[in-house]
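Residues or ranges marked as domain 'Histidine kinase/HSP90-like ATPase' by TrEMBL: 27-179. Annotated ATP binding site per TrEMBL: E34, N38, D79, M84, T169, R316, in sequence order. Look at TrEMBL and you will find 392-412 tagged as region 'Disordered'. According to TrEMBL, the compositional bias 'Polar residues' annotation covers 392-401.
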Amino acid sequence: MTVLEQGKITIHSENIFPIIKKSLYTNHEIFLRELISNAVDAISKLKMASLSGELNGDIGEPEINIHLDQGKKQISVSDNGIGMTAEEIKKYINQVAFSSAEDFIKKYQNQENQLIGHFGLGFYSCFMVAEKVEIDTLSYKEGSQAVHWSCDGSPEFQLEESDRKTRGTTITVTLLDEEKEYAEQQRIRQLVKTYCDFMPVPIKLDGETINRQRAIWKESPQDLTDEDYLEFYRYLYPYQEEPLLWVHLNTDYPFLLSGILYFPKLKPDVDVSRGHIKLFCNQVFVSDNCEEIIPEFLLPLRGVIDSPDIPLNVSRSALTANRTVRQIANYIAKKIGDRLKSLYEDNPKKYIQSWEDLGTFVKYGALRDEKFKKQVEDLIIFRTTADLGDNTPQVEVQSESGDAWQDATPTTNATDDNGYYYTTLKDYLERNKEKHENRVFYCTDPSTQSTYVDLYKKQGMEVLFMDSFIDNNYFIPFLEQEYSNLQFTRVDAELDDTLVDNDQSGEIVDPQTNKTRNEVVKELFESAIDNSKVNVKPQAIKGDDPNNAPPAMVLLPEAMRRMQEMTALIQQQSMQFPEEHVLVVNTAHPLIQNIVKLNQGGIIQSSTGESSSSELAKMMCRHVYDLALMAQKAFDAEGMQQFIERSNQVLTRLTK
Ligand SMILES: Nc1ncnc2c1ncn2[C@@H]1O[C@H](COP(=O)(O)OP(=O)(O)OP(=O)(O)O)[C@@H](O)[C@H]1O
């Protein structure tokens, strides 16, 4: 065979190969991605040459073939692309590839672990695993001579004529002993699946096509059905619940980016601090860890983003600071906001049904990102006690263009699957401005606060359910900060004036001492409970039927409770029920009035000197208090025991 050239690769460092091997130590497998990318490029170039008329005749079906030979420790990648002439090998392999290799290594020698993609390592990356590399190639150019290049890892190379007859290139890598795994079927199949699954050319391993090829994010949304999107999601995330909705991204200015992002159902056990979005560069998989590119609050999303404009050979910290990356992050956040808006406008029912999963994400985004907050603030909804069946509030939503405002009034006020209505904060405030301007009554736990919610409801007052973790600990304080005169009061914090009948407070009920009902009740309960930390507050709760309101309620003043919650949160403990609390005794309730009478009507003296009816009255006071605590679920073991014992005593006495 004719030796065309023998020589030294023009690089400045004599020992570049050991450096390649050592410095790129962590991620050897990417050599295959690089070889296959080059093969795909060679095939695209051939197609372009054919389209431009530079090449006559049929170019055939493009394909890439991988062949493994474990005995010879070899892997070869063949394409039927453009091929190379001897001149091109000299230029692109001997000069260009290796000088860029040297540059790359000089620059990144010490930060290889931080690089997001090791991208553009190119051809020479196969020296990470190779004992010897051979190129056998025939150019598409008419009259070309096939050539064979080989290099054993030293800077020496050999270029000779080859008897190859078919157009295209075969790269054969003879593997180092410690890299033998790359001659194994399973390993290669897995690598092709990971990196090359969506490359647009069939990749065959021993004749069998092993990559999917279709990358639906590159297709036009008009050509795709819901089923296409769902099928793609199932393919990416098998055995997962169906996603709630998705966004198809596609832009070519000021950067090229395409992709599909899905909103998954957020299970409480999903680790939202870890990203699940896969990053691609021209359909080549780069990483499934793109925390530096996706805004943090979007990390729970799943899917694919593909952009050749994301710099992949910079350190992760440089990536975060990169201008294009920041623009991309903003673009993605904006598109997500737009998608939420359009769902809210077009399908409020689905929006509400998805809210349980979307809500935390949207609120977190609003907390984290000022621009996103502006986009979604009118889309944040809360379950309400109000029946919104008949009125349709106006909802204003920023339009696509981002500046004008348009009406986005849902045609009906949709409910969730349980028939509950939802409202925006703005609408809530508007509906209730006459009754309690700038005040929001909320409930954080529908089961333990049901007595209170019921009371509000019966009085025609609207309560919002803000019962997710983020609501209570972050979102309410955030909203109060955002709207400085807005005040949130939990239903069990105090009784709003509208719920209390102050006229009854002064009524004299004990002619002997001239004491008012409130004074008598306060004294009686204080002495019965005998705990200075419990602040007894007699109040007549309004209502058509006094039996509708409870005889007593435990209140936890808002500021005090929040402080304790905050402390518990910081100490990562669950909040203890506060020893200091208010006991509202409902003086309008017949039970309380009866207890007062029972206390005053004592005739028989007991052994303790107290009349037995007043003793019973006090027991009942404690009982009423316990029932109020119970409604707050604030019973410890000892409290429960006392309660049961006393219940039995009271019942025994009453049946005497
Ligand atoms: N299979 C192939 N068929 C034809 N030409 C090839 C093939 N592989 C490599 N080449 C040529 O060798 C050149 C150098 O390849 P290398 O992979 O080092 O860099 P690159 O592909 O240009 O860029 P990148 O750094 O992004 O990989 C290519 O630009 C191409 O001209």
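Note: Cβ is positioned from N, Cα and C throughout, glycine not excepted.
Where the annotation comes from TrEMBL, it is an automatic prediction and has not been curated.
Overlay of TrEMBL feature records on the structure.
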residue	record	CB count, 10 Å
E34	ATP binding site	23
N38	ATP binding site	20
D79	ATP binding site	27
M84	ATP binding site	25
T169	ATP binding site	23
R316	ATP binding site	16
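When secondary structure is read from DSSP and collapsed to three states, T169 (ATP binding site) falls in the strand class. Among E34, N38, D79, M84, T169, R316, the residues given in the record as binding ATP, the maximal Cα to Cα distance rounds to 36 Å.
D79 (ATP binding site) carries a strand DSSP state (E or B). Over the domain 'Histidine kinase/HSP90-like ATPase' (27-179) the predicted model carries a mean pLDDT of 87.
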